[in-house]
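Asker: I'd like to ask you about the structure that follows.
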Amino acid sequence: MHSAGLLMLTVAGYFTSGIPGNTASSDVAYLTPGTYINLSENILGLQTLRTFCYPGKRLTVSSLFETVEFVLAIGSDDYSQYGGKTPEEVLQHYKDKQSLFSITLFAQKRQLLQLSPFEQQCIGISSRQAYTVILNSIPLDLWRLAQFAVGILILFSARRLAKNSVFYYLVGIVIGICASLLVVIYLAAKLFPRRTMMYGVLIGGWTIGFYVIKQLADNLRLILITYRDHVLGYLVITGLISFLICYRIGPPKNPRSQTIVMWVLQAIGAVMAYFSSWHTSAVIFIMVLVFVAHYFPISWTNQIKFMYRRRFPLKRRMLTQEEYEQQTAVETSKSLADLRKYVNSPECKQWAVMGKLRDPLRFASFANGAPHLDDEEIEDHSRTIEESMDAAPEEESVEEPEEDKPAELLPLPNSQFRYQQAARNSEPEPESESDDSEEEEFFEQEVDLRQVVQ
């Protein structure tokens, strides 16, 4: 009798150890990123609640798109999972499930959970099998970054998308494929009699329907592999019907309808951007800046730019000699081409222009494509440049300034008198009076050339 009593006390102690109040409250493990915990199988076959908590960390901008993943590696689905902010909350959920009146059609069983990096979260696992718990940290979650970028892109492109016919048909086809199941349920509801008792049946049917939808979502990959042909036929038929309905209705033409579509798209983009990060305060701040930049009047933006440029003007860069010569050649060719195009157009009064010119034949040849300078002028220009480059060092070495000549007698840069005068200076002075008359004639020609230039 004494040994039998000890055996009963031992068995009672083992069963008492499985009560949540005795084990779950003390069996708590705090995890850090990179933690790996391997738990062995319960040899007594009892389900033991173990709670795993992530304490969270401080909010930082660098962790805007960071994600913490809780990975549960277990061989079967023979386990229960509970969530909460604290171990006490997890324990309370565990106790609530032990009640005879609890219905758990939507019990959470996921082997991969995404946790907020900035909040404390606890997960309770109740199982008799061996399993492994891993906590991973992803500093930059590319999926969340892509979700944020798509949300901002939809927000900025909502006005154009609301008027795009291709986008209208694509969205209509997608909605038709997803909503076809609801149409089937609606048609099936028409077959039931409209009585008070049937509402309870319909409510229960909707609950079972949601449960079926959840099971379909959990086993979507298996369904796509097993019933690939049926799924493809369903997508083709419902997509074609949806396209025909959208084609019959047509894209919205009313400006108010387009505005409503734009608002809906902007709301969808804002929701996508908001749920793309666990750092909600930073995301809200970014979205406020995006809204202000999107709806900010352009006139205000231009005024701010003008005031900023006036207060901090840009430093102008001077052209180099090579850039100046290149720009001169390009602009001269462009101006000559525009002039030739104008004189050949009906807008130009050719006879009136030719009546004012001293050399109409040269003007006519220029209009027909001839160059604007002849060979002699080009040679004079090249010779003048060479002489000016040779004379520059000599002028710098001479300290005494040259005697000033009268302004009305200064030779033109490309004039023929300049070269004749230079040739005469190199020859000995003649004693006859005929040279004086030639000099006066050259001066008269020079004055005539100046008047023509002016």
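Placed from the backbone N, Cα and C atoms, the Cβ positions cover glycine too.
Pasting the feature list from Swiss-Prot:
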{"type": "SIGNAL", "residues": "1-18", "note": "signal peptide"}
{"type": "CARBOHYD", "residues": "ASN38", "note": "N-linked glycosylation site"}
{"type": "TRANSMEM", "residues": "138-158", "note": "transmembrane segment"}
{"type": "TRANSMEM", "residues": "166-186", "note": "transmembrane segment"}
{"type": "TRANSMEM", "residues": "197-217", "note": "transmembrane segment"}
{"type": "TRANSMEM", "residues": "231-251", "note": "transmembrane segment"}
{"type": "TRANSMEM", "residues": "280-300", "note": "transmembrane segment"}
{"type": "REGION", "residues": "388-454", "note": "region 'Disordered'"}
{"type": "COMPBIAS", "residues": "414-424", "note": "compositional bias 'Polar residues'"}
Asker: Do any residues of this chain, six or more beyond the ends of the transmembrane segment (138-158), have a C-beta under 8 angstroms from a C-beta of it, and if so which?
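Answerer: Result: 63, 65-69, 262-263, 265-266, 268-277, 283, 290, 294.
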Asker: What residues elsewhere in the chain lie close to the transmembrane segment (231-251), defined as a C-beta under 8 angstroms and at least 6 residues from its ends?
Answerer: 163, 165, 168-169, 172-173, 175-177, 180, 223-224
Asker: Are there residues of the same chain, six or more positions away from ASN38 (N-linked glycosylation site), whose CB falls under 8 angstroms from its CB, and which are they?
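Answerer: In sequence order, ALA130, THR132 meet the Cβ cut-off.
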